[in-house]
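Asker: Before we start, here is the structure in question, set down as structure tokens.
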Amino acid sequence: MKVSIFGAGRVGISIAYSLLHTKIADEMVIVDIDIKRAEGEVLDLYHSTPFLKRCNITAGNPHDILNSDFVIITAGASQSAGESRLSLTKRNVKIIRQIAAQIKKYSPDAIVINVSNPVDVLSYVLWKETKFNWRKVIGTGTILDTARFRALVAKQCGVSPMSVHAYIIGEHGDSELLVWSNATIGGVSIKRFCQFCTNKNCTPLESLFEQTKNAAYEIIEKKGATNLAIGTATAALVESIYRDEKRVWTVSVFQDNLYIGFPAILGKNGVEKLVPVKLNSVEKEAFERSKEVIKKYIKEGEKSEREESSSN
């Protein structure tokens, strides 16, 4: 199985490293405009293969992604401290368009996973430019936001994160929302569970959600980038699709003519179906507002591209 990754930065290499530990890839190609860095990262990664399954890892050019089973995109300008993900739009849309053309040319049958931010906007651009079936173009969406919230709740409540079931949907960013009406711990409403919690130092659930929303900003401020958790999450996505596990993930998927974070069942061909999550009236309104935020930035990205084209 062949995986190609655009971007040899911290996120791209964290994904590659996590993928090595899944032991599913026979071949891996790392593509970056800084070929020297890509070669150095590949050499470092290759030295770990004696401890894992053998994998042919190379630093390459776009044509080296030929006939990939998966193409993962992490390339683009990175998010600065305090910067909104959506403010990255104009800088990254052009890069994604160039990559889309290369994927379409060399790996037209690949499943494409976009990690670059703003992930919802860029996943839409990627789908539109490749003209692939939307089921095979997936953004990481709110997969990490959902995981962060589950981890925070699990730590506070003294349970396994795997026993916390809650979805964060919408934009991977400031307008995302938590589906409180469906959030449970061990099948019990999360708010009901907390009524019987013996932890006397509990942080209010709403505050945990705010911590989740601000987690990336905090990590960027302290260490410069988020890379380890998203590396693990992306590798888990690839593995679950490759193994046809039919797992539910909150990923950025196509609906209502945009890409947005929503629970979906993923199988060997990509998105199999969206989970019919029932939202209450407040959640529906918040979800619609999040859609409008994404639509706004899609329009801005398209506008900037038209202006650039007309000036050339």
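Cβ atoms here come from the backbone N, Cα and C positions, even for glycine.
According to Swiss-Prot, the protein carries these features:
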type	residues	note
ACT_SITE	H172	active site, proton acceptor
BINDING	V11, D32, R37, G76, A77, V115, S116, N117, T140	NAD(+) binding site
BINDING	Q79, R85, N117, P118, V119, D120, D145, T146, A147, R148, T226	substrate binding site
BINDING	R150, H165	beta-D-fructose 1,6-bisphosphate binding site
MOD_RES	Y217	phosphotyrosine
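I would like each feature placed in context: is it buried or exposed, what are its neighbours, and how far apart are things?
Answerer: For H172 (active site, proton acceptor), the Cβ neighbour count at a 10 Å cut-off comes to 32, with all displayed protein chains included.
Of all Cβ atoms in the shown protein chains, 13 besides its own fall within 10 Å of the Cβ of A77 (NAD(+) binding site).
Same-chain residues at least 6 positions away in sequence with a Cβ under 8 Å from that of D145 (substrate binding site) are, in sequence order, I168, H172, E176, T212, K213, T250, G261.
A strand conformation is recorded for H165 (beta-D-fructose 1,6-bisphosphate binding site) in the three-state DSSP classification.
Reduced to three states, the DSSP call for Y217 (phosphotyrosine) is helix.
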Asker: Looking only at V11, V119, A147, which of these binding-site residues has the biggest number of Cβ atoms within 10 Å around its Cβ?
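Answerer: Top count of Cβ atoms within 10 Å goes to V119.
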Asker: What subset of the recorded positions V11, R37, A77, R150, H165, Y217 lies within 10 angstroms of N117 (substrate binding site), using C-alpha positions?
Answerer: A77
Asker: Tell me the Cβ neighbour count for R150 (beta-D-fructose 1,6-bisphosphate binding site), meaning other Cβ atoms within 10 Å of its Cβ, over all protein chains shown.
Answerer: 23
Asker: Compute all pairwise C-alpha distances among V11, D32, R37, G76, A77, V115, S116, N117, T140, the residues listed as binding NAD(+), and give the largest one in whole angstrom.
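Answerer: About 25 Å separates the two most distant Cα atoms.
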Asker: Here are some binding-site residues: R37, T226. Which one has the most Cβ atoms within 10 Å of its Cβ?
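Answerer: For the binding-site residues R37, T226, the Cβ with the most other Cβ atoms within 10 Å is T226.
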